[in-house]
C-alpha cells in the first residue's frame, strides 16, 4: 500500500487549508518576532559584550513596537483564516508524507546478507528543539530556520561517510575511525560553536562537499600521530560504544522530536529527502481534539519527524489525551510506522516496525508519563497486530524518542519500573533506577550551551568523554521533594540524565544484538540534547520453528 502524500483527500480541501494558513501566518510570524526580539541567547549576549555593542536596548524597544503594531494589524486577517482553517483539521490526516527517488548514495552494509546469515539496520534519535524562534529562545536556542537546514545537511554528511574498520593493538581502542573535525564550519578565535562571532548561524553547508577521509594506514610516514578514533570502547562496556563528532555511517531511519515549526520541517525534508526518500513530517493534530470537542485546543503538532530509506507501508499517529499545562498545547503522541526493507527470505517479504514518541515534559508529573507509557505499549501492539501479514517476516521493532525521564533520578522511580522495559530491551539500562557504568546522559544544561567546552563537536566530544568535565554540562538527576540527593553512589560513575531512548524488541525468534551505540556531538550549539544512534544486527539463522 502506498501512502498519499497530501494530508487531505483532495486538492480542493488542500487549497482551502493553504489559504486559511496563509491568512494566519503573518500574524503568527509577527508575534514570533515580537517575542524573539525581546529574548537574547547567551551567545548573543556574549557577542554584544565582546563587541561593546550598546544599541541593543534601542533594537528591543523599536522592534517591539514595530512587531506589535504589525501583529495588531494582521489579527483580523488571522481570525478570518482561522475560521477557514480550524474546521478543516477534523478531516486532515495527522501527518504529511514526502516521497522522492534517492539521489545521494549511501554505503550498503547488507550487500552480503545471505552469505553472512545476518542483516543490520541503523537508527538515530534526536530532540532538535525546532520550535518557533521566539519560543526556542527560552531554551537558549535561536535561528530556528537556519538550524533546521544545518541539522539536516549535517545528518546527510555524517551518515553518508564510509564505514571504515581498522584493527589496533590496544584492547580498548578499535573499530571505526572517522574524521574528528566537524562538518559545520569551524569557529575562529572569537566565535562560539556552530555559530559565528556575530551571533548568527553560518550559511548552510553544501551536501555535496567531500567529507575529509582519514588516513587508515597505520604505517604511513605522512601521519605523525595515529588518528584519534572517535570510538571510545570502554573496557567494561558490554556493547561497542562511542562518543562521535560525526553521525554514524549508514543510518537507515532517523527519528526526530520537537520539529514543531512547519517551515523548519520543510527545510529538514528538503535536506534529508535526497537521501531518505520517505519522510513523515507535520505529524499530529491541530485545533480542537478530539474533533468537535473544546476541552483541549492544540496550537502545535506533535513535533515528531521520521525519515526512512525504506518505503513506508503503513503509518499511524495517536495523540496522548492526558497532557497538562503547557504540554497540553502540543499534540504529543506516538507515531507507529511499518516499512518494507526490500528483501525477501524464501517467500516472505522482510519488514520492520519503528515507533517514535515524545512524552510529557514537566518534572513531577511522573503519573502522566506512566499512563502515556501504558498507552504506547498498547498502541504499538494494536498497530502491529492489525498490520501483520502471513507472507511477511518482521525483523525489527524499535521504540525511540524523548521520554522526559531518566534511569537515575529518584523523582522518576515510577516510570523507571514500567513494564515497557520488560517488553523492549534498553541497551543502556542495568536495572530499574540503575544505568550501566559506561552510559552518558543526553540532556545538556541550557545556560552552558555555548561554553568553551561545548561550543564545537570536538570540544563537546572531549567533554562527554571526561567524567570530571561532563558533570558540569549534563543535567544532574532530579531529587525527590524534601529528600537530599546522594549521587553518584560510592564507586559509581557520574552519568547524568539520559532522557533520549533507543529500545528494541526481538521479532520472529531472530536473535537481535546491538552492533554499536553512538553518542553524537555533531549538533553542538544547535540543540540542547545529545543525539543517540545504534545499529542492530539481526541473525537470520536463529528463527524458531
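Glycine is no exception: its Cβ is also placed from the backbone N, Cα and C atoms.
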| message | Checking feature assignment: transmembrane segment per Swiss-Prot, candidates 2-22, 23-43, 44-64, 65-85. Which range matches? | response | 65-85
| message | Measuring Cα to Cα, how far is residue 529 (active site, proton acceptor) from residue 258 (Mg(2+) binding site) in Å? | response | 11
| query | What three-state class does DSSP give residue 529 (active site, proton acceptor)? | reply | strand
| task | Pop the mean pLDDT for the topological domain 'Mitochondrial matrix' (36-64) in here, whole number is fine. | result | 88
| message | Are there any residues at least 6 positions away along the chain from residue 258 (Mg(2+) binding site) with a Cβ closer than 8 Å to its Cβ? List them or say none. | response | 127, 128, 129, 130, 131, 303, 358, 402
| query | Per DSSP, how many helix, strand and coil residues does the topological domain 'Mitochondrial matrix' (36-64) have? | reply | 22 helix, 0 strand, 7 coil
| When DSSP states are grouped into helix, strand and coil, how many residues of the transit peptide (1-35) land in each? | 25 helix, 0 strand, 10 coil
| residue 404 (site 'Important for substrate recognition') CB neighbourhood, other CB atoms within 10 A | 26
